[in-house]
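J.: Pasting a structure below so you can have a look.
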Amino acid sequence: MTETMSTNEEKKKSLLNGRRAIPSNNSNEEENNVPEMEAFGLIPRGFNPKDYLRVVDIHMFKEPHEINKQQHHTDKYYSPRLIVRRGQPFQIQIDFNRPYKPETDNFWLEYLIGRYPQQNKGTYIPIQVRDVLKSGEWGAKIIHKENNSIRLSIMSSATCIIGKFRLYVAVWTPFGILRTHRNSATDTYILFNPWCQQDAVYLDDEKEREEYILNDVGIVFHGNINDIKLRSWSYGQFEENILDACLFLMDKAELELSGRGNPIKICRVASAVINSRDDNGVIAGSWDNTYSYGVPPSAWTGSVDILLEYYSSKQPVRYGQCWVFAGVFNTFLRCLGIPARLVTNYSSAHDNNANLQLDFFLDDEGKLDTKLTKDSVWNYHCWNEAWMTRPDLPVGFGGWQVVDGTPQETSDGMYRCGPASVQAIKHGHVCFQFDAPFVYAEVNSDIVYSRREKNGTQVIEKIDTTHIGQLIVTKAVGHDGMMEITEEYKFQEGSKEERLALETAVMYGVKKQTTQDTVYQPQTDVDMDFQVQKAVLGSDFKVTITFRNKSHNYYTVTTYLSGNIVFYTGVAKNEFKKHSFSAKLEPSSSRTFDVVIKSSEYLSDLLDQASFHFFVTARINETGKILATQKATVLEIPTLRIKTPGEMVAGKEMSVTVEFTNPLKQTLENITLRLEGPGVLRTMKKEFRQIPMNATLIWEVKCIPKQPGLRKLIASLNCDALRHVYGELNVQIQKP
């Protein structure tokens, strides 16, 4: 059977470039052809499929009043199809042409999604009938048999892809597999499940689930801090075709189907596709008060019209401002089953260069210089919070995540923002992805009013530390009132925790402009630094904190040390060390303090590259000044030593030795060494049975380098107890 390829197909095929066996599977809409008869070989002449078990009908129990939609809280969706939530059983009934005989009959279910279903990607799911269902894993069991019918309870995986699956029933015969024909009436939508403990979006409070998933209207708070206004917004996540429109947004964003079980990925791509900048997304923003050929943002009453217009026209809908982006985003999230709420931040900083400082430049007369002033304060700004675990961040940073579809600044080259952990923002841990520094600045910036004198010096007239992010609110749970959530984002203004969080954020890379050329006096009395003792993997080590009091005053400092294990990309896994202490500092003297890090504290959680991140913050209690410093440190995974005794000349034999000393308190077993050097030697591999503790292994290799010039030799060692052991050496190969 030959298919004529559409030009679109050809284009996809040409994009493969030999890198992947099949094109990317990033459209829920596209389908593949599934054979109704899959023969095992030549079919004998007398074979009649009708002699075998045959599916006559499938009942999906998909009406709003029936068991599936009731139990799965999907009875509000205006859709004739079955809609269920993942990680929770649902029922279907299969009518056969005769009674089902388990001894001889063999059938199974197949769920498929997309154009190129593959089992290892979760886009092709075969389900055999079993005796028991395992919680949170795909499976099916027979719960009722009557005449020619069986009723199945089907469990979906709690990490299953979100989208529309096609269902086939396959029956085994000696000569081939018989399948039901393609029937869109049996299509099954699978959504996130906040009622399921194993789901990444699990929310344990029923009233909150009713609000953040099932409530299809909400309140937008706007106006300004002194005059709070509110308006209702229709999310309409259950309206006809809205679910399909939301799935289309993920197709539009070209999110690979295999990534669609992950709420972090879905939020990230959605925050880009909600706005039209750089990807022709849903809503075109306009803030200049001219809305020709479109609807003024204030005219929209809800999300449904916008989503349906976009779904049919595939062109950006004009126009939106922040609450419109946030309203549509909220619909998208709730529709797919991710708990979500719309949040308003009053006096929101749009900090052009994310330096935690909104610079307002004044002219000679003290008036605002609009040419120089690039930063802005929004009376209010709306964004969304989505609820999910963050397995990619340290423990404690799950829960509400900021996602923002309003195009303000680019992130990784696109206009998008989030998900950023609210908890991380509160504590200043803005190193954790995605876009936490930007959100931190939105709620925490200082406003600096400065004026340039005639002689060029810059004078700071006023610093307002309390103006930004004064009030952060969302709709209350269960009624239309306002719920203040400012303290979810920041500590009490002026509290010591708030300043510490600020210093942490600054330390983690939020730029806080140094006020050089200004009349502001920084703290110079006390210096603090810390050293992490160079330590080899598997040993205890010290962090030594040094204070130098350069003043004539007695001071006491309160010091906090936090140690985090981080991935080599800098993403933290968890905080393994917390330590705080007080110290007395004598005038004009130095003091050092040691904090011991035991190997037992880190070894069990250690990641491949053995990277740590320490930060130390200290407050001088008498002056309130903060000292903060941070260091990333990597335990020394012992390296391989590569040596090249003798001369290195192209075309002549040379010698390379690789040495390694075992640092662990155990014998290493089954070690594999590899050595390669492009242009010097082909990859060579050698296996060693064991290296006792403290013993040194030496491997000598002879080779003939081909070309002169600067080359690199690279060696690696691998065994179960030790990975990522590398060595490299630059060698200059001489001309003969």
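Just so you know, glycine gets a Cβ as well, placed from its N, Cα and C.
TrEMBL feature annotations, pasted as is:
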- Cys322: active site (ACT_SITE)
- His381: active site (ACT_SITE)
- Asp404: active site (ACT_SITE)
- Asn444, Asp446, Glu493, Glu498: Ca(2+) binding site (BINDING)
- 314-407: domain 'Transglutaminase-like' (DOMAIN)
- 1-33: region 'Disordered' (REGION)
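Structural setting of the listed features?
T.: Packing around His381 (active site) is summarised by its Cβ count: 26 other Cβ atoms lie within 10 angstroms of its Cβ, all protein chains included.
Long-range neighbours of Asp404 (active site) (same chain, six or more residues apart, CB within less than 8 Å of its CB): Ser271, Phe325, Ala326, Trp383, Asn384, Arg416, Cys417, Gly418, Val439.
The Cβ of Asp446 (Ca(2+) binding site) lies under 8 Å from the Cβ of Leu356, Gln357, Leu358, Ile463, Asp464, Thr465, Ile468, each on the same chain and at least six residues away in sequence.
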J.: Cα distance, Cys322 (active site) to Asn444 (Ca(2+) binding site), nearest Å?
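T.: Asn444 (Ca(2+) binding site) and Cys322 (active site) have their Cα atoms 19 Å apart.
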J.: Just to confirm: which same-chain residues, 6+ apart in sequence, have a Cβ under 8 Å from the Cβ of Glu498 (Ca(2+) binding site)?
T.: Lys490, Phe491, Gln492
J.: C-alpha of Glu493 (Ca(2+) binding site) to C-alpha of His381 (active site): distance in Å?
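T.: Spelling it out, the Cα of Glu493 (Ca(2+) binding site) and the Cα of His381 (active site) are 20 Å apart.
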J.: To the nearest Å, how far is the Cα of Cys322 (active site) from the Cα of His381 (active site)?
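T.: So the alpha carbons of Cys322 (active site) and His381 (active site) sit roughly 6 Å from each other.
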J.: Within 8 Å of the Cβ centroid of the Ca(2+) site residues Asn444, Asp446, Glu493, Glu498, which other residues of the same chain have their Cβ?
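T.: Close Cβ neighbours, site residues excluded: Thr465, Thr466, Ile468, Gly469, Lys490, Gly494, Arg499, Leu502.
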J.: Helix, strand, coil residue numbers for the domain 'Transglutaminase-like' (314-407) per DSSP?
T.: 15 helix, 41 strand, 38 coil
J.: Along the domain 'Transglutaminase-like' (314-407), what average pLDDT does this model show?
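T.: So the average pLDDT across the domain 'Transglutaminase-like' (314-407) works out to 86.
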